[in-house]
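See below for the structure under consideration.
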Amino acid sequence: FSNILVAVCLTIVICLSIFNSQGITGIIPLIKPHYDINDSQTAIIQTSSSITHAVALVLVWLFGDMFRRRTMFLTATAIWIVLSLLAVFFGSNSFMTFVILRALAGGASAVFATLVSPILADLFKDRALGIALMFSTFSETVAMFVSMIVSSWIVTSGLSWQSALIVYPLLAIAPLLCILCVDNLHTNEEHSERSLRRSFTGALGILSIKSVLFLTAANAFGNFYYTGYTFWFPTMYLIAWTHIPSLFYGLSFPTINTINTVAMLTGMACGLPIIVPLAQSWRFGTGRFAGRKEYNRAYPIIVSTGSTLSAVMFIASILLLDQSYVACLIVTFFVGFAQVADATLTQQMRLMVVPSNYRASATALNSLIIVLVSTPSAQLVGMLADVFRGDSALPYEQFHAYQLASLCFTSTAVASAICFVFVVYYFPGDCKQAEQNEEDNERTSLLEKHMLHSESVTSLSKIGHALVSKVKSDELTQ
């Protein structure tokens, strides 16, 4: 029960941090007149947070496994709460104070967000871990979509922009205290006292695991395309809605956005109870696969299939946007359905091929590369669209330019699917190697404890012999 409680509290904290970080984009119209700043100055908020986010991920990658994950999570969360509140209270009259404090808070949130998956892997194993990661991933996705809706409501409700940034850190205090009160939360205590050099060497050694390399490359390619897709696709929708209103049955643009969000979430909600149990049954030889041997390649095969389907659906959504809105909704549903495998099983696969004492480093490395690779994607798609459009200002030419640019970058989605195919080949061997490393670490830990116990017994024996000799010497002297 305590493990489940901690998992729920971890997810709540992450969702609240997503509300706090993603929700600020919706209240930009209120922040700009408050500080009397232009667009380039407003962009400093996001840029500074991205920089501190990347720096925090580098530090966690190199040195994160030197410390206990529970202690790091509690410390980083407390820092995020304090700095987020200070940014609102002390930054209301100074834009740079607000930016600096919020950027530092963003770095702290990057630390505890990286630690969630490794902590869940410490609490749960095998199927239970898959369910925990599925619950966490789905909750984070829902939080990202809902945060935009909440921010839009705050802008139109007449509330101050500060209210949107204060409530989430305050709500995070309760789950933080709950985790603090759980005494039997055991994470990486055995490996938390490593030297700086050993931690640094181990963090670099993660790059020698082939499955980790291809998983990271697949995630980087996939997020590169998805970031550009989500940035420009609403613009394409708006152009099509403006100039072909009959295609959308007279629906308003906000209604269309809401329907698209619901279609995506519905696809994910339908995929979770189908894909994850299927993968687990195939992996462990139970359920529909009862009587068969365990199959280590089940997870990467399903993820590779889902990634391929996702790439096909992305291409279809771009081509069908100006043809049929109903067809686009169906494709959007299958985009959400196909992304379930990547969103849930990829994390578990990474944790399976990495030794438990380097899970935080592996997770931070993956997040760092994704941030670095996906950051320029929206700008590159926009630049390519400008090339295709040329000097034309016609709406159709503009839509066609975005369409061609997006189709060109679907090659990165295809590259992501290809990387997952390589993972299918290397995954079983890397899993065995990780299990062997775990056994070696356990033997080393037991040996060190035995040697420490032997040294203690020997020391006590020497002290006892010395006391006996002293007593005998005193008796002879007397």
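Glycine too: its Cβ is placed from the backbone N, Cα and C atoms.
Going by TrEMBL, these are the annotated features:
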- 1-431: domain 'Major facilitator superfamily (MFS) profile' (DOMAIN)
- 45-64: transmembrane segment (TRANSMEM)
- 71-90: transmembrane segment (TRANSMEM)
- 96-116: transmembrane segment (TRANSMEM)
- 128-155: transmembrane segment (TRANSMEM)
- 161-182: transmembrane segment (TRANSMEM)
- 203-226: transmembrane segment (TRANSMEM)
- 246-279: transmembrane segment (TRANSMEM)
- 299-318: transmembrane segment (TRANSMEM)
- 324-345: transmembrane segment (TRANSMEM)
- 365-384: transmembrane segment (TRANSMEM)
- 404-427: transmembrane segment (TRANSMEM)
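The transmembrane segment (203-226) shares the most Cβ pairs under 8 Å with 365-384, out of the stretches 96-116, 128-155, 299-318, 365-384. Long-range contacts of the transmembrane segment (299-318) within its own chain (CB-CB distance under 8 A, at least 6 residues past either end) are made by residues 218, 222, 225, 229, 233, 236, 275, 278-279, 282-283, 327-328, 331-332, 334-335, 337-342, 345-346, 348-349, 352, 403, 406-407, 410, 413-414, 416-417, 420-421, 423-424, 427.
Counted over residue pairs separated by six or more positions, the transmembrane segment (161-182) shares fewer than 3 Cβ pairs under 8 angstroms with the transmembrane segment (45-64), which leaves the two as not touching.
With pairs at least 6 apart in sequence, the transmembrane segment (365-384) and the transmembrane segment (45-64) have 3 or more Cβ pairs within the 8 Å limit; the two touch. Note: the stretches the transmembrane segment (365-384) and the transmembrane segment (404-427) are in contact (3+ CB pairs below 8 A, sequence gap of 6 or more). Mean pLDDT for the domain 'Major facilitator superfamily (MFS) profile' (1-431) in the predicted structure: 82. Take the transmembrane segment (128-155) and the stretches 71-90, 96-116, 246-279, 324-345, 404-427: counting Cβ pairs under 8 Å, 246-279 has the most. 96-116 is the stretch from 96-116, 246-279, 324-345, 404-427 with the greatest number of Cβ pairs below 8 Å to the transmembrane segment (71-90).
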